[in-house]
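Participant: To start, I am sharing the structure in question, which I have written as structure tokens.
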Amino acid sequence: MAPWTLWRCCQRVVGWVPVLFITFVVVWSYYAYVVELCVSTISRTGEKGKTVVYLVAFHLFFVMFVWSYWMTIFTSPASPSKEFYLSNSEKERYEKEFSQERQQDILRRAARDLPIYTTSASKAIRYCEKCQLIKPDRAHHCSACDRCVLKMDHHCPWVNNCVGFTNYKFFMLFLLYSLLYCLFVAATVLEYFIKFWTLCRRKSTENCPKNEPTVLNFPSAKFHVLFLFFVSAMFFVSVLSLFSYHCWLVGKNRTTIESFRAPMFSYGIDGNGFSLGCSKNWRQVFGDEKKYWLVPIFSSLGDGCSFPARLVGMDPEQASVANQSDYVRSIGSNQPFPIKPLSESKNRLLDSESQWLENGAEEGVTKSGTNNHVTVEIEN
């Protein structure tokens, strides 16, 4: 076995360690809460009604948490469609050229009919040498997955997967339900945690008040109640900050990568280039049908290869002024931004500036056509 192949195999094995750790914590929390707290402790104190309510609510949060976590892990990140790959002749000419300028000319001709509006910081076509494809807007190459991922947000070690277009909604729901799960566990365990410290801080259970429904009456629950509260509180605080940050990103229609390195458009760098207004930004991730918002079912809008941009239909000079003054905030809430299919997309970014002057802003009108579809793969 080649050293590189062996290294990749080791990486894949080690990548599952954080997932196994989370799985162990979740399984232990289930046992500690259901068996040690509810069955062995609360039910024996005569509080049958409380036990039933706690168990029903707990299993609701638990199922939604595990479901969203599973979908985040096993939903395969989408890669660019075949339109973004160079043809054999284009690839051969590109590899034979040593001049970067001529290579860019080849890429510009290949990308003329693609819905690409962003470039690299040096105004070059974003091309992936490893995957040998022209990167769609917001797509990036993940070194851990060794592939280009559509609308890549980040590679998350806790799910051993890339978070991108196909599973970003699942990732958000995973954060939400893990937050609610930890909050519920911490809040319901707190009562018995306090009794443990205030009523029975003595050397043996024989000295504890016999009429108190305290966890020390059941020695096996002491360890679990103590650590269950600490673990749930700790995870709640850490997940809360991460969830708040990603809510802010969704509201701004940015990825984690774009928050650190704003995309480059024809009119310059614009961190809000894909922002259509808070409401539309949220619907891009969660979809138009509210009944699916809280369910780990794919409902995101678009095809992952092309995204509506707020200034794309404007003259470059006007766009530059609008970008500086942030004058287009109202666009997001009032005007539609349809996504054009790849077969009928007109690439304004890669055309010459003279075409802007000839065609004017009317080039921004979207043609009708068949839609591209993204297939969400679930790996078993």
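All positions are counted from 1 along the displayed chain.
Every residue, even glycine, has its Cβ placed from backbone N, Cα and C.
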Participant: Kindly tell me whether the record in Swiss-Prot places ASN167 on the same side of the membrane as CYS247.
Facilitator: yes
Participant: Can you match one of HIS141, HIS154 to the Zn(2+) 1 site that Swiss-Prot gives for CYS128, CYS131, CYS148?
Facilitator: HIS141
Participant: By CA-CA distance, flag whichever of CYS128, CYS131, LYS135, SER143, TYR181 among the recorded positions is nearest to SER29 (site 'Important for selectivity toward medium-length fatty acids').
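Facilitator: For SER29 (site 'Important for selectivity toward medium-length fatty acids'), the closest Cα among CYS128, CYS131, LYS135, SER143, TYR181 is found at TYR181.
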Participant: Give me the count of other Cβ atoms within 10 A of the Cβ belonging to CYS148 (Zn(2+) 1 binding site).
Facilitator: 26
Participant: Taking the Cα atoms as reference points, how far is CYS142 (substrate binding site) from CYS131 (Zn(2+) 1 binding site) in Å?
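Facilitator: A Cα-Cα distance of 11 Å.
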Participant: Hey, does DSSP put SER29 (site 'Important for selectivity toward medium-length fatty acids') in a helix, a strand, or just coil?
Facilitator: helix
Participant: By CA distance, which of the binding-site residues (CYS128, CYS131, LYS135, SER143) lies nearest to TYR181 (site 'Important for selectivity toward medium-length fatty acids')?
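Facilitator: Closest by Cα: SER143.
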Participant: List only the single closest residue to HIS140 (substrate binding site), chosen from the binding-site residues CYS128, CYS131, CYS148 by CA-CA distance.
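Facilitator: For HIS140 (substrate binding site), the closest Cα among CYS128, CYS131, CYS148 is found at CYS148.
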Participant: Including all protein chains shown, what's the count of other C-beta atoms within 10 A of the C-beta of CYS131 (Zn(2+) 1 binding site)?
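Facilitator: If we count other Cβ atoms within 10 Å of CYS131 (Zn(2+) 1 binding site), we arrive at 17.
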